[in-house]
Amino acid sequence: MTTYAEITGWGKCLPPAVLTNDDLATFLDTSDEWITSRTGISERRISHVGTSEMATVAAKNALAAAGLEADDLDLIIVGTCTADEIIPNVASAVQQKLGAKTAAAFDLNAACSSFLYAMHMATQAIRTGAQKRVLIIGAERLSRILDWTKRESAVLFGDGAGAMILEASDQPVGLLSSHISCDADARDVLSVDFGLSFDRFNFDGIMQFDFVGQEIFKRAVKGMNAAVAKVFEETGMTTDDVDALIPHQANKRLIDHLAKLCKVPSDKTVINIQNYGNTSSATLPIAFAEAVEQGLVKPGDSIISAVFGGGLTCGAGLIRWGQRVEPKQPNNMTLDDPGISALEMILPMHEKTAAAWKKRQQG
Ligand SMILES: CC(C)(COP(=O)(O)OP(=O)(O)OC[C@H]1O[C@@H](n2cnc3c(N)ncnc32)[C@H](O)[C@@H]1OP(=O)(O)O)[C@@H](O)C(=O)NCCC(=O)NCCS
C-alpha cells in the first residue's frame with residue numbers, strides 16, 4: 001500500500017509589533033505610495049524574540065491543530081536563513097523548548113524556498129517509511145540581517161514563522177508532486193554577508209545585503225512557471241483542477257504575474273503580503289495557516305504552491321488537503337507583547353548602520 005504524508009496540523013506566529021510604510025518613511029527616502037504600488041506591502045512585523053522562539057510558538061500551534069504531543073514527533077526540520085546561532089541549529093532549540101525528546105532535528109537553508117524544500121524532504125521521508133510524524137517549520141527574523149539604510153531592500157521584508165505537521169496516511173493526500181531546483185548562475189543577485197564569510201576581525205559594522213530586484217523578479221517568474229508546468233505534467237492535472245494558488249509572498253505584482261501565467265483566477269490566489277511583507281521561508285506556512293483559518297481551503301482541495309529565493313532556489317508543489325480543516329485543539333497561541341514599538345526596535349539599527357557606512361566612506 002502506498003504511504004502519503006498528510007498535513008494534519010498547521011500554525012503560525014506573527015510578532016505583535018507592526019512597522020508600517022509610514023514608519024519606514026520617517027527614516028528612509030521612501031513613501032507608502034511607492035511601496036504599496038510596487039510591492040503590495042502595507043506593513044510588516046518586527047520580532048523582539050529570536051527565530052527559535054517564533055518557530056516554537058508556530059510549532060505548538062501546529063501540534064495543537066494536529067492533536068499531537070511533542071513526543072509523538074520523530075523529526076523536526078526548520079527552514080531558515082536567520083538562525084539564532086550558526087551552531088547549534090534552530091531545530092534543536094525547538095526540540096528542547098517543545099520537549100520533543102525523540103525527534104531528530106536539523107535546519108535547512110534554501111532561502112525563501114526553504115519551506116517547500118522541507119516539505120519535499122519530509123514527504124519523501126514519510127513515503128519511504130523512514131519517518132511517521134514530521135514537524136516542518138519556516139521561521140525568520142530578517143529584521144536582524146537587513147541593512148536598514150537601504151530603501152530598495154529594507155521595505156520588502158518582515159519577521160514571522162509558520163509550521164505544519166505531516167503524518168503518514170494511506171489516503172492520497174499531502175504533497176502529491178513537487179519539483180525543486182536551483183539556478184546557481186544567479187547566486188550573486190541576492191546575497192547577505194553573514195556566517196563564515198563574515199570576518200570578525202575586520203567587521204566594521206556593515207552586514208552587506210546585496211540585491212538585484214529586477215533580475216530576481218525575471219528569474220523567479222521563469223523558474224516558478226517551469227516548476228509548476230513540471231508538477232502539472234507529472235500529476236496529469238491542469239489549472240481547471242486547482243482550487244487555490246498559495247505562492248511565496250515576495251511581491252504582489254510577481255504573484256499576479258505568476259497567477260496569470262498559471263491561469264489561476266485572482267479569487268483563487270491567496271495573498272497576504274500586504275500585512276507581513278516577505279517573511280522568506282515563513283511566507284508559505286503562514287499563508288496556508290491563514291487560508292485554512294479563513295475557510296479558503298476546503299476538505300479535499302487541490303492547491304498549487306510555488307516558491308523562489310536566494311541561490312536562486314525555486315520550486316513548486318501540488319498539495320491535496322485532507323478531510324479536516326478544523327484544528328483539533330485551539331491553535332492561536334501568540335508571543336507576549338514586546339513593550340516596545342517596531343520603530344523603536346529598528347531606529348538604533350538604522351542609526352548604527354548609517355554611522356558605519358559613513359565611516360567606511362570616509363576612510
Ligand atoms: C525590488 C522591487 C520591488 C523593485 O521594483 P522595481 O519596479 O523593479 O523598481 P526599480 O528597482 O527599477 O527602482 C525604480 C526606482 O525606484 C527607486 N526605489 C527603489 N526602492 C525604493 C523605495 N523603497 N522607495 C522609493 N523609491 C525606491 C529606485 O532607486 C529607482 O529610482 P530611479 O528610477 O531614480 O533609479 C522588484 O524588483 C521586486 O520585487 N523584485 C523581486 C522581489 C525579490 O527579489 N524578493 C526577495 C527574494 S525572495
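Just so it is clear, glycine is given a Cβ too, placed from its N, Cα and C backbone atoms.
Annotations in TrEMBL come from automatic prediction, not curation.
Per TrEMBL, domain 'Beta-ketoacyl-[acyl-carrier-protein] synthase III N-terminal' is recorded for 106-183. What TrEMBL lists as active site is CYS112, HIS248, ASN278. Residues or ranges marked as domain 'Beta-ketoacyl-[acyl-carrier-protein] synthase III C-terminal' in TrEMBL: 233-321. Sequence annotations record features per position, and here TrEMBL assigns region 'ACP-binding' to 249-253.
Features as recorded by TrEMBL, highlighted on the structure.
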residue	record	DSSP (3 states)
CYS112	active site	strand
HIS248	active site	coil
ASN278	active site	strand
How many Å lie between the Cα of ASN278 (active site) and the Cα of CYS112 (active site)? 9
Within the predicted model, mean pLDDT of the domain 'Beta-ketoacyl-[acyl-carrier-protein] synthase III N-terminal' (106-183): 97
For the C-alpha pair, I'd like the distance in angstrom between CYS112 (active site) and HIS248 (active site), rounded off. 8
Secondary structure content, the domain 'Beta-ketoacyl-[acyl-carrier-protein] synthase III N-terminal' (106-183) (per DSSP, counts of residues): 21 helix, 33 strand, 24 coil
Could you check the active-site residues HIS248, ASN278 and say which one's CB has the fewest neighbouring CB atoms inside 10 Å? ASN278
Hey, what's the Cβ neighbour count for CYS112 (active site) at 10 Å? 32
